[in-house]
Each structure stands twice: as C-alpha cells, then as structure tokens.
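Novice: Taken from TrEMBL, the feature active site, proton acceptor applies to Tyr25. Residues annotated as active site, proton donor in TrEMBL: His102. Annotated substrate binding site per TrEMBL: Asn76, His82, Asp89, Ile103, Ser104, Arg113, in sequence order. Marked as site 'Transition state stabilizer' by TrEMBL: Arg20.
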Amino acid sequence: MERPLIAVFNGPNLNMLGLRQPEVYGRATLDDVELLCAQTAERLDVAIDFRQTNGEGELISWVQECRGRAQGIIINPAGYSHTSVALLDALLAVDLPVIEVHISNIHRREPFRHHSYVSRGALGVICGLGVPGYALALQAMTDIIINEDLQ
Ligand code: CA2
C-alpha cells in the first residue's frame with residue numbers, strides 16, 4: 001500500500017531560521033527542520049512534502065493543490081497566521097486534517113501574535129515547543145490519518 005502523504009508547509013521568513021533571532025526561534029535552520037521531519041516521517045512510514053514560501057498566494061495555491069493528493073496538512077503559517085483570512089478559507093475549503101505549528105509560544109509574545117486566523121481551521125495547534133513541535137505534529141497527524149483519531 002502507498003504511504004500517506006503529509007504536506008508540511010512553512011510561511012514567510014522561516015527561511016531565516018537559525019540565522020537571526022536565535023533567542024526566540026533557536027539555532028536550528030530550516031534545513032535542520034526538514035531533516036527532522038524527513039527522519040520522523042521515515043520512522044512513521046509516511047511521506048512528506050516539505051516546503052517554504054514567502055508568498056501568501058503561493059501558500060494558498062499549495063493548500064488548494066493538496067486536495068486529492070495529500071492526506072493531511074501541517075502548517076507553520078508564520079506571520080500570515082495573524083493576518084490571513086484567505087489562508088484560513090483555503091484550509092477550510094481543502095477539507096483535510098490540519099495541524100498548525102509555531103516554534104515560539106505566540107501567547108507569551110506581543111498581543112498581535114495571540115490571535116491566529118488559521119487556528120479556526122486546525123484540528124490542533126502546537127506552539128512554544130520549538131522545532132521538535134514539527135515531529136510531534138507528524139506523529140499526531142499520522143495517528144489521525146491511520147487511526148482516524150480526532151476526526
Ligand atoms: O513561532 C513561530 O513559529 C512563528 O510562526 C514564527 C513567525 C511569527 O511571525 C509567528 O508569530 C510565530 C516568524 C517567522 C520568521 O522567523 C524568523 C526566524 C529567524 C529570523 C527572522 C525570522
């Protein structure tokens with residue numbers, strides 16, 4: 001049987017991970033995050049499609065393209081979490097399980113980060129646990145897809 005495909009999408013500026021603001025986001029780079037996700041996916045026997053974009057429209061198109069292709073979406077929408085009704089609409093329309101990940105604890109930060117439009121379209125949110133949060137999200141998404149947990 002073919003392995004389930006989980007999209008792991010990353011929003012704007014996450015390509016800067018590890019290069020700036022290590023006190024907020026740690027020292028791991030986006031390549032390190034991808035490696036962690038690839039190793040975790042291997043262990044869980046799922047396939048991943050790991051991507052990053054700075055463009056809101058591109059992120060929305062990627063979400064739309066998941067229909068009929070992927071079985072779940074893990075997304076760190078970065079700054080678009082706090083601004084994008086359009087991204088929320090895409091996530092609601094795609095009709096797949098969604099887990100939102102944030103490396104930092106957005107609730108301990110500036111008030112404008114406390115609200116995420118995306119959360120309304122997510123089954124669950126992992127935030128503040130650093131880069132390992134991506135591995136936790138992959139584990140949870142695999143359980144959701146394979147065992148139909150939470151759906
Ligand atoms: O904690 C997270 O994962 C965030 O999604 C990261 C976003 C931020 O806007 C959200 O409020 C929380 C920022 C991503 C930009 O990451 C950078 C990393 C290093 C240097 C500069 C930006």
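Heads up, the Cβ atoms here are built off N, Cα and C, so glycines get one too.
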Novice: Near Tyr25 (active site, proton acceptor) in space, meaning Cα within 10 angstroms, which of the binding-site residues do we find among Asn76, His82, Asp89, Arg113?
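Specialist: Near Tyr25 (active site, proton acceptor) by Cα: none of them.
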Novice: Roughly how many Å separate the Cα of His82 (substrate binding site) from that of His102 (active site, proton donor), to the nearest whole number?
Specialist: 12
Novice: Please find which two of Asn76, His82, Asp89, Ile103, Ser104, Arg113 have the most distant C-alpha atoms, given that the record lists them as binding substrate, and give only that distance in angstrom, rounded to a whole number.
Specialist: 24
Novice: Measuring CA to CA, name the entry from the recorded positions Arg20, Asn76, Asp89, Arg113 that ends up nearest His102 (active site, proton donor).
Specialist: Asn76
Novice: Cα of Arg113 (substrate binding site) to Cα of Arg20 (site 'Transition state stabilizer'): how many Å, rounded?
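Specialist: Rounded to the nearest whole number, the Cα-Cα distance is 19 Å.
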Novice: Ten-angstrom check, please: count other Cβ atoms within 10 Å of the Cβ of Arg113 (substrate binding site), all chains counted.
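Specialist: I count 17 other Cβ atoms within 10 Å of it.
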Novice: Given the binding-site residues Asn76, Ser104, which one is most crowded in terms of C-beta atoms within 10 angstroms?
Specialist: Asn76
Novice: List every residue in the same chain as Asp89 (substrate binding site), at least 6 positions away in sequence, whose Cβ is under 8 Å from its Cβ.
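Specialist: Listed in sequence order: nothing, so none.
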Novice: Return the residue, from the listed recorded positions Arg20, His82, His102, with the maximum count of other C-beta atoms within 10 angstroms of its C-beta.
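Specialist: Within the set of recorded positions, the most crowded position is His102.
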Novice: Please identify which of Tyr25, Ile103 has the densest Cβ environment, defined as other Cβ atoms within 10 Å, among these recorded positions.
Specialist: Ile103
